[in-house]
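J.: Before we start, here is the structure in question, set down as structure tokens.
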Amino acid sequence: MSENEPDRPDRRHDRRGGGRPERRERPGTGRVGYGGQARRTDPGKRSSQRPSERRRHADPARSVAYETLRAVSDGAYANLELPGRLRRAHLGGRDAAFATELVYGVTRMRGFYDAVLARCSDRAPVDMDPPVLDVLRLGVHQLLGMRVPAHAAVDATVGLTRGEIGAGAASFVNAVLRRVSETPAEDWMGLVAPGAGRRAEGTDDGAFEAPTSLEDVGVAHSHPGWIVRALRAALLAHGASTPETVDADLLDLLHAHNVPADVTLIARPGLLEVEDLLEAGASPGTLSPYAAILTEGGDPGGFPAVRDGRAAVQDEGSQVLVLALVEAYDRLVAPGASEPRWLDLCAGPGGKAGLLAALSIPRGATLFANETSEHRAELVESAVGAAMDAGAEVFVGVGDGRRIGAEEPNSFDLVLIDAPCTGLGALRRRPDARWRRTPADVGDLTALQEDLLSSGLDALRPGGVLGYATCSPHEAETIQVVNRVTRGRADVELLDAGRLLDSISRSGHVTAGRGSFVQLWPHVEGTDAMFFAVMRRREAPAGDL
Ligand SMILES: C[S@@+](CC[C@H](N)C(=O)[O-])C[C@H]1O[C@@H](n2cnc3c(N)ncnc32)[C@H](O)[C@@H]1O
């Protein structure tokens, strides 16, 4: 076994923590002073190597992980930053997988790891030098999240520190990580978050201990407290939980955010048969008839159809909301439509536009894909390329979607608004979003979302259908936006999005639809937490119907 390999196959974050462990010695009684010698370390665990023999430099995988985390701390996006760094360091195979696990593991669990570090140092994580904090988090992830053997995790992280930061920091990191390693991984949760409650994996029969503190729930599952509270409220608001079940459901949801999601592909309808992906080793999806799931970390780039755009990476939640909207169009609009025009108001980077473009071909519709960012509009152009080669008529434009309703009123038979949002529904795939977002973002985004929805409704032809979607379940961005905008409009009716979802889903019945809205959940449907509502512009003012 290489030193990079965990000694247990399961690298997942252990959801069962939170129960009170039997106490041995209380960590934190021997905290490590910063920038100097450890005040207390177990002499029996000291390295037997002389300093001159100790590792001076990190291996390339850890270096790439460290540099990526530094970039993320400075505002970069992990998913955009890491691939280029892996390429430039010529890392592939197991080393690339190891670096990826380090980056995403630390990004997911750093809230919990910081609570552990706070017990092992006399300096709070927020007061540490950011580079030192990043290496410490890398070390803690190896110790607690990956179960890399303690000596390998500590020595390699100290070598990384010595090479990247300096000898003084290396001795501090050495002392703190040794302190962390003195307590078994499974005990840490109960120590730093005793009120987090407990939910045993795969059971709902009594193996649940209710949390007594939402702050501790956030620490244990590494989510900021405001997100924990917002998600709990969202579970209730969307009817996914009752007051009796909400705490157990919340723990399941937060746990799901910390488990890496499988990559899901879509075989774009009319361009590729989903069977072609299944024959190449993918598994069928659970909701979308066009979904193919790559389990075991399959590489989408290995599929020629992904490379040429007949297939794409797309979560099933995103697939089904487009399919449900087009189902509404087929039932209510298509029979009377001539030269239909479709609008994707917020199209970048183009995942849903790619699906809409494929679906527009047999329906003879022209798709206008609008995006406010020039760069993201370029990505839309490439996403719709394969459908255009197959005959789709697509125009990509750069503009502010808030103005289209006034500039082109009553013009489109179908409008999709996949609104800019907090992304709290996609934390499995974008773990850095939980640390980037703030409660203030919610207010800014809901104002924009309301303006976009009003504009999209104005752009809709009477009789046309509109889908409003977010990859966030936050009540303010979902139910409240739709209710506030539609309340004042007698010309708009909400359609039963749940029934539309049922009619296009593989099983024919999905519990996610309640009333007019659909809210999917990672811990229930296994998708991102997409919300969508479908509405129709009435043919005539309500009084004349
Ligand atoms: C959730 S993303 C859309 C994802 C896209 N539908 C897809 O499936 O790939 C929201 C997009 O809205 C864009 N956006 C933000 N403000 C906008 C505005 N005022 N008008 C149009 N697009 C906007 C953002 O740049 C972002 O690309």
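The backbone N, Cα and C atoms fix where each Cβ goes, glycine too.
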J.: Out of Asp315, Asp330, Asp418, which is the one TrEMBL records at the S-adenosyl-L-methionine site of Cys346, Ala347, Gly348, Pro349, Gly350, Gly351, Lys352, Glu371, Asp400?
T.: Asp418
J.: Which chain-mates of Cys471 (active site, nucleophile) that are at least 6 residues away have a CB under 8 A from its CB, listed by sequence?
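T.: In sequence order, the residues whose Cβ lies under 8 Å from that of Cys471 (active site, nucleophile) (at least 6 apart) are Gly317, Ser318, Cys421, Gly423, Gly425, Ala426, Asp528, Ala529, Met530, Phe531.
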J.: Sort Lys352 (S-adenosyl-L-methionine binding site) into helix, strand or coil using the DSSP assignment.
T.: helix
J.: Please classify the secondary structure at Asp400 (S-adenosyl-L-methionine binding site) using three-state DSSP.
T.: coil
J.: In the predicted model, what is the mean pLDDT computed over the domain 'SAM-dependent MTase RsmB/NOP-type' (234-538)?
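T.: The answer is 95, the mean pLDDT of the model over that range.
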